[in-house]
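What TrEMBL records for this protein:
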SIGNAL    1-18  signal peptide
TRANSMEM  34-54  transmembrane segment
TRANSMEM  74-95  transmembrane segment
TRANSMEM  101-120  transmembrane segment
TRANSMEM  127-144  transmembrane segment
TRANSMEM  164-184  transmembrane segment
TRANSMEM  196-212  transmembrane segment
TRANSMEM  232-254  transmembrane segment
TRANSMEM  261-281  transmembrane segment
TRANSMEM  287-305  transmembrane segment
Amino acid sequence: MQWYFVAVLLTVLTSSQGILTTLSQSNGKYKYDYATVPFLAEVFKLAVSSFFLWRECKKSPLPKMTTEWRTVILYPIPSIIYLIHNNVQFATLTFVDTSTYQIMGNLKIVTTGILFRLFLGRRLSNLQWMAIVLLAVGTTTSQVRGCGEASCDSLFSAPVQGYMLGVLSACLSALAGIYTEFLMKKNNDSLYWQNIQLYTFGTIFNMARLALDDFRGGFENGPWWQRIFNGYTITTWMVVFNLGSTGLLVSWLMKNADNIVKVYSTSMAMLLTMIISIFLFNFKPTLQLFLGIIICMMSLHMYFAPPNMLLDMPVFLNCWFVTRIFPEGQLKLIVIWPALIQRFPRAWASSKGMS
C-alpha cells in the first residue's frame, strides 16, 4: 500500500470526524457521554490489531514480537503525553477564546518539524522548511476572521499565560507524534503487535478517566459501564469507527512514512472540513479561506515535489566536474552526474578502477 493513498484516506476520515461529531448532536447537545467515544475507539483499534496479528501468526515465518519489559514499558508514554496535553488544552481555553486557540494550534506544524529534526535526526532541506512554515501560515490564514468581527480584537488580547500554555500544547502534541514514530521505527516488530501495546495502554488510560469522572460526580448516574451505550445512535457509532480507523491509519503512516506526512494530512483535512461545511451547515466561505487553501497547496507541492521541478536550474548545476590524467599523459575534463551514479552504482565503481 502506497503512503500517499493512506495519507489521502486519512485526510478524508479526519475531515469527516468533526462533521460526524456535529451531526451526532441533538439540538446542539450530546445525548451520550462523549468521554466513552475515545474509550470505544481504543477498544476498536485493539480488536482490529489483534485480528490482523492473529492472521499474521498463522503464516510462516512468524512476525517479530519483542516482549522484553524494557521495550514494552516505553508504550504507555504516548498515552501519558496525550493525557497531559488534554489537560493543558482545557487550561489554555480558560485564558483564550476558541478562535485564538485554533490559530495557536497551528504552531504544532512548526514544532513537529523542529522535533522531527532534533529527536529523529531527520534532515529537511531549506525548501521543505519553507514549505512547513507556509503550511502553518496557510492554515492560520484560513481560520482568521474578518477584522470587523469581535473575535479579531481578541486574537492578541489574551493573557500571557494563555499564549504560553498554547505553545506548550503545540509542543506536547508534536512530542507525542514524534515519540510514537520513534517507537514504531525502533525495531522491526510487527505493526499490529506494536499497535496492540499502544492501544492496550490507551484503553486502560481511557477506562481510568471514565472511572475518575464517576468518582468526581459521586456516581450520581451510576458506574460508567452500565450507561456506556446510553444515547448512542448510528451516527455516534460512525464517530467511534471513524476515530478508530483514523488512529489505525496514523500508526501505519508512523511505521511506513513519517510525522510530516501526517501533519499535511490533518492540515488538509481541516481545509476540507471547511469546504464541506459550506454545503452541510451553511458555512459562509471567506477570502481568508480561499487564500489559505492556495497557500497550503503551494506548501504541499513545495515539500513533496523534486527540487528540479521547483527550481529552474541549468543542467550543469546537477553535475560534477573533475579532471583526470590518463596514461597517455592527457589531461581531460570529465562530467559526472550523481543521478546516474545512483542508478548504475556498479558501472561507476568499475569505471573508477579503470587505468
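In case you wondered, yes, glycine gets a Cβ from its N, Cα and C as well.
Simply put, out of 74-95, 101-120, 127-144, 232-254, 261-281, 74-95 has the most Cβ pairs sitting under 8 Å from the transmembrane segment (196-212). Across 34-54, 164-184, 287-305, stretch 34-54 shows the highest tally of CB pairs under 8 A with the transmembrane segment (232-254). Where the transmembrane segment (74-95) meets the stretches 34-54, 101-120, 127-144, 164-184, 287-305, the count of C-beta pairs under 8 angstroms peaks at 164-184. Sequence-remote contacts of a segment are chain residues at least 6 beyond its ends whose Cβ falls under 8 Å from one of its Cβ atoms, and for the signal peptide (1-18) they are 239, 242-243, 245-246, 249-250, 252-253, 256-257, 261-262, 264-266, 268-270, 272-273, 276. Highlighted: of the candidate stretches 34-54, 101-120, 127-144, 127-144 has the greatest count of Cβ pairs under 8 Å to the transmembrane segment (287-305).
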